[in-house]
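The structure under discussion appears below in the form of structure tokens.
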Amino acid sequence: MKKCWFHSMLSNVELEYRCRLSKSMDNLGPLENTSVSEDPILNDTEKNTYNWSHSDSSNVDHLVGVRDIRNLNVDDTFLVLGRDNKKDGYSIYFDIENQVFGIDNNHSFLSKLEKEFSSYWNSSYLNKGSRSDDSHYDYSMYDNKYSWNNYINSCIDSYLRSQIGIASSILSGSESYSESYISTYILGESRNSSETGNSRLRTSTNGSDFALRENSNDLGVTQKYKHLWVQCEICYGLNYKKFFKSKMNICEQCGYHLKMSSSDRIELSIDPGTWDPMDEEMFSLDPIDFHSEEEPYKDRIDSYQKKTGLTEAIQTGIGQLNGIPVAIGVMDFQFMGGSMGSVVGEKITRLIEYATNQFLPLILVCASGGARMQEGSLSLMQMAKISSALYDYQSNKKLVYVSILTSPTTGGVTASFGMLGDIIIAEPNAYIAFAGKRVIEQTLNKTVPEGSQAAEFLFHKGLFDPIVPRNLLKGVLSELFQLHAFFPLNHNLSRTLT
């Protein structure tokens, strides 16, 4: 059985994760560090680490950092060492093979941690066992090794997120401390022990970032807090919903661009008071009488209309972008996955024809899972129809079409107007593909490399032009249009002429 240490240290400068070889748990020695000075308090804590009563755990083969923790297997024994903002030392011991868990140096932080653990020990589907009389608990009661391993993983996840939250509060000030505390509390409360998944934890502190792949329980925010917080799907950080829209749906913790509704995107891009929608009353009538054993197509359309307040998966219209008149269409992934049916294709085609006649620059914001299967070949025809209208707009009229690819952009949208822009812009970390990862793997029986369908990877393959963050997008579009001789309206001049 291999024994490992996982070490975490908080300083007032940054959250560090270090690794070093060590022979004895009682004599770790100072840790090498090239970025900040050594912490004598931490070193003293390490040297005086509690000697666990289990004789087979007194020697440690090596010390591992966060980057190496994903290499631990289920038979590893490891200890989590840390120090909170009061510089109190504490350690958490896991022996997965012998199913032992313990906490040393109990204080307020650990009491909260133990309280969280106790809910697992007392859960109805696990058999209770005896506790030792030692200062730490000896839980050797699990007849379900799979359940034990999953829970150990969730404990590590909870610990890492709490440490990162404390570090963020130290770096950004006392105001965010309460927010990170609430974030840790809600994330812990929202843990669902009945489901497991594959999650990615990512953070950045003073330019130092790391990634952790792990199996953990579902960490979705519970319905209880959903009206207050928006949880990032990448780092699981919580963003205050009241300010999330003003932040352009960008996670404050890791900078990930979360999905936006079409209405929010229009508000972000178009000048206030200039938006004039087109074809709002157009909706699908189930042209092929699509048969579904679950929910009829018409009923499904009605439910999405009530849910989103939209009639279809795209909004089209005319507006001004920093004073420049533009024709813009914005797809909405919340409406049936942004799928392209006959109505979506017709609205886009009419928008392109209007922009052609009025000599307006064109913007199409893509967010779609592809062609809508409920409309069969009629949805596939939209690809050719839109491409034909774009040919007249671009080749004959020599006008400028900007395609903006957001996450996700897949299927028939990628294969048609998504990739036909004179300038193709992608959002950071956008998922862009023709066939999705699951479809490729099930069809070809081959594994799709991680990240091979992400915007950053595809950018280096020359698939599109720039990757532009949302907070810079409006300015970039304005400069591009002016470069192509589309200038803001001069309102003073127009008043004089009239």
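Using the three backbone atoms N, Cα and C, a Cβ is placed for every residue, glycine included.
Annotated in Swiss-Prot:
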- 228-498: domain 'CoA carboxyltransferase N-terminal' (DOMAIN)
- 232-254: zinc finger (ZN_FING)
- Cys232, Cys235, Cys251, Cys254: Zn(2+) binding site (BINDING)
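Figure note: comparing Cβ neighbours within 10 Å for the binding-site residues Cys232, Cys251, the maximum is reached by Cys251. Here the domain 'CoA carboxyltransferase N-terminal' (228-498) returns a mean pLDDT of 91 for the predicted model. Of all the binding-site residues listed here (Cys235, Cys254), it is Cys254 whose C-beta has the fewest other C-beta atoms within 10 angstroms.
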